[in-house]
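One structure is given here, and the rest of the page talks about it.
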Amino acid sequence: MNKMKNFKRRLSLSVPRPETIEESLTEFTEQFNQLHTQRNEDGRDEPGQLSPGVQYQQRQNQRRFSMEDLNKRLSLPMDIRLPQEFLQKLQLENPGLPKPLTRMSRRASLSDIGFGKLETYVKLDKLGEGTYATVFKGRSKLTENLVALKEIRLEHEEGAPCTAIREVSLLKDLKHANIVTLHDLIHTDRSLTLVFEYLDSDLKQYLDHCGNLMNMHNVKIFMFQLLRGLAYCHRRKILHRDLKPQNLLINERGELKLADFGLARAKSVPTKTYSNEVVTLWYRPPDVLLGSTEYSTPIDMWGVGCILYEMATGKPLFPGSTVKEELHLIFRLLGTPTEESWPGVTSISEFRAYNFPRYLPQPLLSHAPRLDTEGINLLTSLLLYESKSRMSAEAALSHPYFQSLGERVHQLDDTASIFSLKEIQLQKDPGYRGLAFQHPGRGKSRRQSIF
């Protein structure tokens with residue numbers, strides 16, 4: 001239990017003894033009443049002095065505003081169904097705006113609604129299982145929406161896995177349309193459950209269902225969304241470190257979202273030393289393969305290039321089974337690196353030890369003929385040996401390859417979906433096998449979280 005308290009403290013989730021819901025509601029309603037009294041003492045119009053029609057309209061406006069204000073103050077999803085008794089206690093008909101709730105009041109209120117409780121969610125199907133965690137498809141009793149429940153087993157000797165700590169600590173602060181939303185966090189003595197928004201598929205499954213033959217327009221839309229989410233992370237000094245098609249989730253609308261931040265890191269300076277045992281082998285850059293532990297955001301950009309190629313061709317770019325084979329595949333396509341293409345490479349002991357043949361670079365167009373000239377240029381800019389020379393996610397968003405998407409895609413708010421623009425729609429994939437990713441009606445965004 002002490003370990004769990006320490007874990008919560010690290011995530012800024014622990015507080016002194018929280019106020020009871022009655023105490024927090026009293027505080028909330030007192031703020032309403034004080035403001036109401038102050039308004040009358042200041043000589044402003046009271047409801048009795050207004051005509052019935054004006055009184056009714058005023059009450060309706062105040063009630064609507066109060067409900068919206070409550071959602072904002074508690075950071076609730078827009079489709080939340082608050083218990084009726086909870087709404088009655090808040091006395092939403094009172095006019096005026098209270099000052100913001102304290103952190104303790106907010107958390108007590110959230111707990112009263114049902115957040116942070118296992119009984120709020122119903123497990124439906126088991127989606128997968130790993131060393132530390134099992135993922136279930138579930139349903140929220142609060143919203144009736146589907147959710148993904150990532151149940152992490154807590155070993156009493158070790159406490160919460162560091163990957164879980166990283167994932168929660170990073171995701172609770174990331175609010176972007178192309179990053180999976182963490183809705184809730186539930187802890188017990190035996191497990192830590194992360195409640196995520198549910199998405200129907202991932203990029204690997206999408207490729208499988210379209211026969212590994214994607215419409216090139218869809219490739220562009222998915223690529224832009226990947227870069228949007230990644231640029232948002234990189235601006236906040238966060239490296240994902242495990243980009244691969246399986247970690248790019250896709251819903252029926254076609255929205256692509258970065259997921260699985262278990263290996264992600266918040267970096268303070270570009271040269272900070274990290275483990276080189278990160279990133280699935282096929283998407284691992286050559287500098288990391290050769291043992292480099294000093295890297296920054298370019299570690300993710302090599303993987304982006306590999307994913308672009310895979311979407312365009314339907315097959316992985318460098319499917320090596322060992323580090324040596326992976327390097328061999330890279331060098332055979334891009335040419336064995338030299339001091340000109342990769343300054344300092346000859347001083348890397350691992351590179352000298354492998355003693356690779358001297359391959360000449362091959363034209364990428366011959367391997368990815370469906371990519372146009374701009375697409376090949378973007379791919380080339382991502383697959384550079386010298387990490388600092390790779391194009392950044394922010395710069396890639398402005399690459400001419402995306403010009404056909406229009407200018408408005410660059411003006412969206414972080415939480416706005418690219419599909420909120422009527423000109424952005426997926427097209428039918430040539431190899432379509434029956435998995436529908438149709439564009440549904442545009443409703444309000446549900447990307448809201450309690451964090």
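Just so you know, glycine gets a Cβ as well, placed from its N, Cα and C.
Between S191, S349, S392, S420, the residue that has phosphoserine written against it in Swiss-Prot is S420. For the residues S24, S66, S296, S321, the entry in Swiss-Prot flags phosphoserine at a single position: S66. Within the list S75, S387, S417, the entry that Swiss-Prot describes as phosphoserine is S417. The binding-site residues under consideration are L127, A133, V135. Their Cβ neighbour counts within 10 Å are lowest for L127. Neighbour density at the Cβ, taken as the number of other Cβ atoms within 10 Å, is lowest among the recorded positions E129, D242 for E129. Following the DSSP three-state reduction, the secondary structure of E129 (ATP binding site) is strand.
It is S420, among the modified residues S417, S420, whose Cβ has the fewest other Cβ atoms within 10 Å in the structure shown.
Between the C-alpha atoms of D242 (active site, proton acceptor) and A133 (ATP binding site), the distance comes to 17 Å.
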